[in-house]
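Feature list (source: TrEMBL):
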{"type": "TRANSMEM", "residues": "6-26", "note": "transmembrane segment"}
{"type": "TRANSMEM", "residues": "47-68", "note": "transmembrane segment"}
{"type": "TRANSMEM", "residues": "88-106", "note": "transmembrane segment"}
{"type": "TRANSMEM", "residues": "113-130", "note": "transmembrane segment"}
{"type": "TRANSMEM", "residues": "150-171", "note": "transmembrane segment"}
{"type": "TRANSMEM", "residues": "192-209", "note": "transmembrane segment"}
{"type": "TRANSMEM", "residues": "221-243", "note": "transmembrane segment"}
{"type": "TRANSMEM", "residues": "255-274", "note": "transmembrane segment"}
{"type": "TRANSMEM", "residues": "280-296", "note": "transmembrane segment"}
{"type": "TRANSMEM", "residues": "308-326", "note": "transmembrane segment"}
{"type": "TRANSMEM", "residues": "346-373", "note": "transmembrane segment"}
{"type": "DOMAIN", "residues": "485-617", "note": "domain 'GGDEF'"}
{"type": "REGION", "residues": "623-644", "note": "region 'Disordered'"}
Amino acid sequence: MSDQHMIWLALSTFLVLLMQAGFTCYEAGMVRRKNSVNVAIKNVADLGTTIVFFMLIGNGLMFGASWFGLLGHGASVMVTGNASELLVALFQAMFCGTAITIVSGAVSERTSFGGYLLLAICMSVLVYPVSGHWAWGQGGWLAELGFLDFAGSTVVHAVGGAIALAAVLHIGPRLGRFDGTRPSGTIDGDNLALSALGAFLLMFGWFGFNSGAAKDFEHQVPLILVNTGVGAAVGIVAVLAWAMLWRRKPKATEILTGMLGGLVSITAGCSVVQPLGAMAIGAMGALVAVWGLGVLERVGIDDPVGAIPVHLFAGVLGTVMLPLFATPEHIPPVLGGRLAWVAVQMLGAVVIPVFAFVVAWVFMAVTSVWIAYRVSPEDERIGLNVAEHGAGTAMLDLLNQLSQQGAMGDFSTPVEVDEETDAAHVAWFYNQVRERFVRESERSRKLLDEAAYLALHDPLTGLKNRRAFMLSASDYMADLNRYSGDAALIMLDLDHFKAINDTHGHDVGDEVLIEVARRLHHVVRETDAVARLGGEEFAVIVSHATVTEGMVAARRILAAINREPFATATGPLPVTASLGLTAMARHAAFDDALKAADDALYEAKRTGRNRMALAVGDRPDIAGTVASEDRDRTGALSSQARPA
């Protein structure tokens, strides 16, 4: 190898290495942000893995002495290789890394890191060296037939696409891609601008990829560079024309796919066709790649970056189309014509991808017993940045806080993130919404609490209302029926309350009712139930009390009301009340006790007011008075009552 050739091969090696950066940007932009770190690290890791295993094992299998045209054998180039052999081995290691990186994009967002690296080792040792020996090795059976793939449309790109297809079919689509959980079924990438940058880096590196193996620098390299450039350019133009003709809205992903499809398809014949032929092949490769995107969509194959149609479909097409556009002097003498050459090209373009597909499929099927190639659904939802590499982000921290608040149902505290990150803007808006939500929730809670309170309490006195009293009565009756014991029911009605309202006004009447409630609270126990049933009528359930003890409680109530005049806005006002008392019998209806107490109350009023009556059996009897007989108050409601 001449010095000039070695220098150019070294420069081409660096350019092919630059393609790894292009693939990293292209794939990272096509996936969601939660998986971008994983995609980048896979590209770094597979490059290191490829170089090590290919240089140690793969290069000997690819370029060693041929064994029946199927496989090379011999000592590792790392042991016996000279300078030029080592440089060629490194250049081919970069090619092998390119083939493996193709798989990285196709299986992104759901493949385990360890499983992917194991597949990369398989490609470096079993697939790429064998298929490369068939086409490029000394004595390889396809090379002997006249098969030509100058820079690897099939050997590199179709092999990578075929293994990607096997891997994608093995691990299945991403969650939400074809399961109907998304209205459109599409999963958009995070940064197409980054993908566009990656496409430019790929095109730049592709000049070294296609021309690095040229042996005649003066005559081959310029033609290869031109064909590579026009292949990419016509791929862009062809897709733009197609998109504008059919949809009038060219999609960014399709334009990038067309560019790469043109590059892949011209790679096989870049040294044997003229620029017009390169344009024809590049245009067809671009359109086939874009067409392939739709095919995968229809059959339910999930390829986030379009690696399979770009590298497999366009690679096969470029290999088969090569004889039709090659200049006559490049037709292999062993074939004698273009048709025979087309047949050989078709054979190689089919056999090599099928071999790669079968080996990858069998390898994954066997090794999946020990290693999981797909991450768990939970890890896939979290994102492989965190699940596989523990790479947190401000946005992830924010989402974790939101998830925790949602799970606990506690939105009382604001979320906090680094103010210098993009997540800070989201957090600020969320905190604004959260504060409004908390205020409205507190307001709603207070309204609900108030409504619940009013549903069971008298709004004026704060005592239980009739509904709450009846519920309490049911509980008391249940306790009486379940356990042995006694209870008494007292009905209370203020005497001449209508006259108070008519003479002094309803405001004074309300003051009287409030004071009655306050005095009742002072003389009953916590275990007793006190309620305002309506108007000037009150009721008390005296728990754990016999009739005698109920009478004592009734006398305390009468004494509390008669103890001193009520202080009102119009001055001191004497108030009296009449009471009806009855025992609450076990296994009896509370309504019966209520009626008996009401009858006793009526009897107390009928016989003079300001007293209590006890319902004994079916007949209410006067049980005594605490205050003097209530005299006629007509015109004298403001005077003091004479004490008993």
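One-based numbering along the chain as shown.
The backbone N, Cα and C atoms fix where each Cβ goes, and this holds for glycine too.
Recorded stretches compared: 113-130, 150-171, 192-209, 255-274, 308-326; the one with the most Cβ pairs under 8 Å to the transmembrane segment (221-243) is 255-274. The stretch in 47-68, 113-130, 150-171, 192-209, 346-373 that contributes the largest number of Cβ pairs under 8 Å to the transmembrane segment (308-326) is 150-171. Beyond the transmembrane segment (255-274), the same-chain residues lying 6 or more positions past its ends with a Cβ under 8 Å from any Cβ of the stretch are 26, 148-154, 156-157, 192, 195-196, 199, 202-203, 206, 209-211, 214, 220, 223-224, 227-228, 231-236, 238-240, 243, 281-290, 293, 306, 309-311, 313-315, 317-319, 321-322, 325-327, 330.
Contact check: the transmembrane segment (192-209) against the transmembrane segment (346-373) gives fewer than three Cβ pairs closer than 8 Å, residues 6 or more apart, which falls short of the contact criterion. Residues 39-40, 43-44, 47, 83-84, 87-88, 90-91, 94-95, 97-98, 101-102, 104-105, 194-195, 197-209, 211-214, 217, 221, 256, 305 of the same chain sit 6 or more residues outside the transmembrane segment (6-26) yet have a Cβ under 8 Å from a Cβ within it. Same-chain residues lying 6+ beyond the ends of the transmembrane segment (150-171) with a Cβ under 8 Å from its Cβ atoms: 95, 98-103, 105-107, 110-111, 119, 123, 127-128, 131-132, 135-136, 209-213, 224, 264-272, 301-303, 307-316, 318-319, 348-349, 352-354, 356-358, 360-361, 364-365, 368, 373-374. Per-residue confidence over the domain 'GGDEF' (485-617) averages out at a pLDDT of 91.
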